[in-house]
Amino acid sequence: MTTLLAYVGAALAEIAGCFAVWAWLRLGRSPLWLGPGLASLALFAVLLTRVESGAAGRAYAAYGGVYIAASLVWLWGVEGQRPDRWDLGGAALCLAGTAVILLGPRG
């Protein structure tokens, strides 16, 4: 599994899992949302172990930018709220940081 695919899958799983808890506590949905939510959060954790990195902290730091970008896609696609220029600019900065972490030479 490629690192990018693992990061994107992890982001979707984490956001879906957290949204299930949000739906239960904030939107008044059934507690039955928690089962799939917990499964999604477990999948998120497993997927992060699949990235190509010798250090967990570096893998998590690089993942942060992908998570932010995926959260804005969720905001638009699932919640129907279009990200504004500040959202997009912030995500671009975070993705630049992700690229530095992932692509920087290691010696």
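Quick reminder: no glycine exception, Cβ is built from N, Cα and C everywhere.
The transmembrane segment feature in Swiss-Prot is assigned to 4-24 (among others).
Swiss-Prot lists 31-51 (among others) with the feature transmembrane segment, giving sequence analysis as the kind of evidence. Sequence-remote contacts of a segment are chain residues at least 6 beyond its ends whose Cβ falls under 8 Å from one of its Cβ atoms, and for the transmembrane segment (31-51) they are 1, 3, 6-7, 9-11, 13-14, 16-21, 23-24, 59-60, 62-63.
Long-range neighbours of the transmembrane segment (59-79) within the same chain, counting only residues 6 or more positions beyond its ends whose Cβ lies under 8 Å from a Cβ of the stretch, are 4, 7-8, 10-12, 14-15, 19, 48, 51, 53, 87-88, 90-91, 94-99, 101-102. Annotated transmembrane segment per Swiss-Prot: 59-79 (among others), in sequence order.
Look at Swiss-Prot and you will find 85-105 (among others) tagged as transmembrane segment.
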